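Structure first, then comments.
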Amino acid sequence: MEEEKSFSAWSWSVEQCLKEYKTRLDKGLTSEDVQIRRQKYGFNELAKEKGKPLWHLVLEQFDDTLVKILLGAAFISFVLAFLGEEHGSGSGFEAFVEPFVIVLILILNAVVGVWQESNAEKALEALKEMQCESAKVLRDGNVLPNLPARELVPGDIVELNVGDKVPADMRVSGLKTSTLRVEQSSLTGEAMPVLKGANLVVMDDCELQGKENMVFAGTTVVNGSCVCIVTSIGMDTEIGKIQRQIHEASLEESETPLKKKLDEFGSRLTTAICIVCVLVWMINYKNFVSWDVVDGYKPVNIKFSFEKCTYYFKIAVALAVAAIPEGLPAVITTCLALGTRKMAQKNAIVRKLPSVETLGCTTVICSDKTGTLTTNQMSATEFFTLGGKTTTTRVFSVSGTTYDPKDGGIVDWGCNNMDANLQAVAEICSICNDAGVFYEGKLFRATGLPTEAALKVLVEKMGIPEKKNSENIEEVTNFSDNGSSVKLACCDWWNKRSKKVATLEFDRVRKSMSVIVSEPNGQNRLLVKGAAESILERSSFAQLADGSLVALDESSREVILKKHSEMTSKGLRCLGLAYKDELGEFSDYSSEEHPSHKKLLDPSSYSNIETNLIFVGVVGLRDPPREEVGRAIEDCRDAGIRVMVITGDNKSTAEAICCEIRLFSENEDLSQSSFTGKEFMSLPASRRSEILSKSGGKVFSRAEPRHKQEIVRMLKEMGEIVAMTGDGVNDAPALKLADIGIAMGITGTEVAKEASDMVLADDNFSTIVSAVAEGRSIYNNMKAFIRYMISSNVGEVISIFLTAALGIPECMIPVQLLWVNLVTDGPPATALGFNPADIDIMKKPPRKSDDCLIDSWVLIRYLVIGSYVGVATVGIFVLWYTQASFLGISLISDGHTLVSFTQLQNWSECSSWGTNFTATPYTVAGGLRTIAFENNPCDYFTLGKVKPMTLSLTVLVAIEMFNSLNALSEDNSLLTMPPWRNPWLLVAMTVSFALHCVILYVPFLANVFGIVPLSFREWFVVILVSFPVILIDEALKFIGRCRRTRIKKKIKTM
């Protein structure tokens, strides 16, 4: 197999290829040959990569630090609930609420993760759909018209016809028609169908585009028919190599910047949680283990209380629950989903949620040219003819960049009655042409060759020769309904005037095509269009503006060639136009019955017919840049994002477009910025890295898939965050490898779309820039709500730590903390995702990959705010037990018993207090319920703590609502960034308070969460205790602003 794999079939003659593959054109392979080769090469099908089993995918979802901590907390909570060891937290169903909710969250998270993973490799499935199902094959001297394509082997002789999908990589052995065109844009990125022939290509190391005698699996024959020799099948085909590259790229997929930050944060949080949990448990060791000491150091009479040990262990578990922001994954997912909706409104369809955030830190955009930077609609931008004499030219500029006949026109067109020369231009462009235009999906599209469609649109902009006749065709220029052909009235007028009687098809030798038409005067005329140099070389005369003919001499040829050179330097594709009236034996040709018809069946005779031509003019066409791309390139430059254009087009065209879109300045030296793919790859690795690391734009032309992948891989190794655009099958590996793969929605193949992270509905580069801006805004908002949620959790941790350190009863139980983290915090955190974007968001450089979510100053703020949260929640608990009033507001209106702070600290020793301690019943819910302690006064510190625990929980909720207002802006005061700037946040706060009231005032839920209703007086106390968090953070923001101003001044003076 190695021998065939290394055999460059394109660089060898057909006879040598037949000898190499041991086959014959007249008989094909024998059945015995097929069997032997089948055993050696296998079937012609793409390999099925082994996917991960379901159980493996499920386990992977739990391979996360935070998830492992939650699993541990859930397991311990379940065991303690099952053993009935929960101290003062109820029994039965209520005891299992906490582990049940945690496990439910983890299961939902795993389901989403498995679903995303199982859909990740759809690109490979889409690739398989491109494969051909059957082929017309010659074996044992017999034609098999519908042999299953999977049964092909190297050496098979296959016939291809118009519309056939190529079943394998094959060497063209001969054409059965004058020309053969294959649509291979999905594989190579070439915009137009490619001419194929049987002549060898004298290059062993040849680009895919240069293999003009090869047809590739998955491409389609659009014109002509041929006979081919199968050279590669299955995974050895070009499409097979792409599948292998997609698979390898998927293995190289790295985590998104945010995922890395969250993992890093998770690891640090794990360490902190373990330390604090152990510390909390150890602080209270005297409450569950005691001993006497003899001889100064020997412990005796050791007493151990398993009940109290598990109780304080439960507190440690509660601390873990408090420290972990359980609602964070859900809020992040919600924020990203909201971001996708915003992007969809801007024509950016996000397929993978994490890519929304990754867009925000993009540092390099690698963009294709065709269809992304350009319109992917060929248009004539200028044409020239000779003037009144052979030494002058007339140049006409044409506006409009689409196939819409009414898009633009000919600039300063004063030819209401066209002269003979311009009439010849219009006649050739409209009749020597097989293309058309149709209207679909609010877009004008071409049928046939794009260049020919552009010529027909040019004719519509020119109008018809006589002004008086234009009134008769004006009404029919309106296009029909969606999906139908567009009526090209001017072209129809020319086609009715001059009837086409024969076509001389294009071939690559003469580089032209022509038609014989019957003119109104009864004479035949040959209309020719083709490569401008080739047309000029075969022209003997030229037509002047008045229609007169003059012989072409050297000076007039120089004038034409100079103008042609100017046009090509602008990146225009130039087509020469000519005609011929003296047709000899074809002067009266009218049908296939004509005696000279045999000559028209022989393409080798066409070049003799197309001689002594009359030169008419040259039309310059191009795929024009989108109008908005130049502005988008400048936005990228302002935002610190580098743009690199990677295209399959030739170097001069690519450079011209890049200069026009202002990627390069007009007189910029491009020697270090513009390379062909082959030139770049031939450089040493160190030199390539140096080129890629330099600032400014880059353009890589004639780039192959492997070149794109290598450029992306090198950029990623340099620490860049790379966005890559593509539309073809050949782009799929690079799309998969890039941090952000962006496929084209209009021109993109299904393979490219499935391999991408995002699809552009309008194929427009400026949409990428808008998406980057949205990604940056989303990241800033995510940072706001992450900081908000973490600061809330720090407060919860400090609250539990203070409870344990002071030795008082726990003021909140795990299920309450879980409710706060998941439900109460959720709406405000999500609403912070709606914060308006900063005005200068695209004036700042991309954030660095090592940019911290939490820097030292933010950490100090967390600790200060968290400390207040802890003091407030524990303080209200202590106040209820020990104080009769707070700021003049009575706390004992419910009739509860006051105790000293010392008693509260030593509540676990209550049983030893004897009859000295009694607890009177107190009322809740406006006197509708009484909590009594008749059997055991010590229950006052367990069952009786339901009211102070409710106060602590409500203070925590209220503080976190006020703290969400602080998160509106990282540095700006609420005076400059008022809450109504984000009305969704006010709605979310209302929802969270409403949810809290539901669990307070619905008896069943109140029992589940171990709380009771509060009175109006108690709510007033809650607000008084909670509101200062806003004043504290305002002071911290002021200090932060002063600190930043001081740093800026210091930098300026350095």
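FYI, residue positions are counted from 1 along the chain as it appears here.
Backbone N, Cα and C atoms are what each Cβ position is placed from, and that goes for glycine too.
Listed features, source Swiss-Prot:
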- Asp368: active site, 4-aspartylphosphate intermediate (ACT_SITE)
- Val321, Ala322, Ile324, Glu326, Asn821, Asp825: Ca(2+) 2 binding site (BINDING)
- Asp727, Asp731: Mg(2+) binding site (BINDING)
- Asn793, Glu796, Thr824, Asp825, Glu960: Ca(2+) 1 binding site (BINDING)
- 1-53: topological domain 'Cytoplasmic' (TOPO_DOM)
- 75-98: topological domain 'Lumenal' (TOPO_DOM)
- 119-262: topological domain 'Cytoplasmic' (TOPO_DOM)
- 283-312: topological domain 'Lumenal' (TOPO_DOM)
- 331-782: topological domain 'Cytoplasmic' (TOPO_DOM)
- 803-812: topological domain 'Lumenal' (TOPO_DOM)
- 834-853: topological domain 'Cytoplasmic' (TOPO_DOM)
- 877-949: topological domain 'Lumenal' (TOPO_DOM)
- 970-982: topological domain 'Cytoplasmic' (TOPO_DOM)
- 1002-1016: topological domain 'Lumenal' (TOPO_DOM)
- 1038-1054: topological domain 'Cytoplasmic' (TOPO_DOM)
- 54-74: transmembrane segment (TRANSMEM)
- 99-118: transmembrane segment (TRANSMEM)
- 263-282: transmembrane segment (TRANSMEM)
- 313-330: transmembrane segment (TRANSMEM)
- 783-802: transmembrane segment (TRANSMEM)
- 813-833: transmembrane segment (TRANSMEM)
- 854-876: transmembrane segment (TRANSMEM)
- 950-969: transmembrane segment (TRANSMEM)
- 983-1001: transmembrane segment (TRANSMEM)
- 1017-1037: transmembrane segment (TRANSMEM)
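Feature annotations (Swiss-Prot) mapped to structure.
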residue: Ile324; record: Ca(2+) 2 binding site; DSSP class: coil
residue: Asp368; record: active site, 4-aspartylphosphate intermediate; DSSP class: coil
residue: Asp727; record: Mg(2+) binding site; DSSP class: coil
residue: Asn793; record: Ca(2+) 1 binding site; DSSP class: helix
residue: Asn821; record: Ca(2+) 2 binding site; DSSP class: helix
residue: Glu960; record: Ca(2+) 1 binding site; DSSP class: helix
Criterion met for the transmembrane segment (1017-1037) and the transmembrane segment (950-969) (at least three Cβ pairs under 8 Å): yes
Asp727 (Mg(2+) binding site) and Glu960 (Ca(2+) 1 binding site), distance between Cα atoms, whole Å: 47
Cβ neighbour count (within 10 Å, all chains shown) around Glu796 (Ca(2+) 1 binding site): 27
Close approaches to the topological domain 'Lumenal' (803-812) from elsewhere in its chain (Cβ under 8 angstroms; 6 or more beyond its ends): 88, 280, 283-284, 287, 312, 315, 318-319, 322, 796, 873-874, 877-878, 904-908, 941-942, 945, 948-949, 952-953, 956
Cα distance (Å, whole number) from Asn793 (Ca(2+) 1 binding site) to Asn821 (Ca(2+) 2 binding site): 8
Close recorded positions near Ile324 (Ca(2+) 2 binding site), where close means Cα within 10 Å, chosen from Asp368, Asp727, Asp731, Asn793, Thr824: Asn793
For Asp727 (Mg(2+) binding site), the one of Asp368, Glu796, Thr824, Asp825 that lies nearest, given that the recorded positions are compared by Cα: Asp368
Residues from the same chain, set at least six apart from the ends of the topological domain 'Cytoplasmic' (834-853), whose C-beta lies under 8 A from its own: 257, 260-262, 265, 338, 360-363, 635, 638-641, 719, 721, 769, 772-774, 776-777, 779-781, 783-784, 786-787, 968-969, 981-982, 984-985
Cβ neighbour count within 10 Å of Asn793 (Ca(2+) 1 binding site): 27
Same-chain residue ranges lying at least 6 outside the topological domain 'Cytoplasmic' (970-982) that approach it to Cβ under 8 Å: 783-784, 787, 831-832, 834-836, 1030, 1034, 1037-1038, 1040-1041, 1044
Residue among recorded positions Asp368, Glu796, Thr824, Asp825 with Cα closest to the Cα of Asp731 (Mg(2+) binding site): Asp368
Shortest C-alpha distance to the residue listed as 'active site, 4-aspartylphosphate intermediate' - which of the binding-site residues Asn793, Glu796, Thr824, Asp825: Asp825
Any further residue of that chain within 8 Å (Cβ to the Cβ centroid of Asn793, Glu796, Thr824, Asp825, Glu960) of the recorded Ca(2+) 1 site: Met789, Ser792, Gly795, Leu817, Val820, Asn821, Leu956, Val957
Candidates Asp368, Asp731, Asp825, Glu960: member of the recorded positions with the richest Cβ shell (10 Å): Asp731
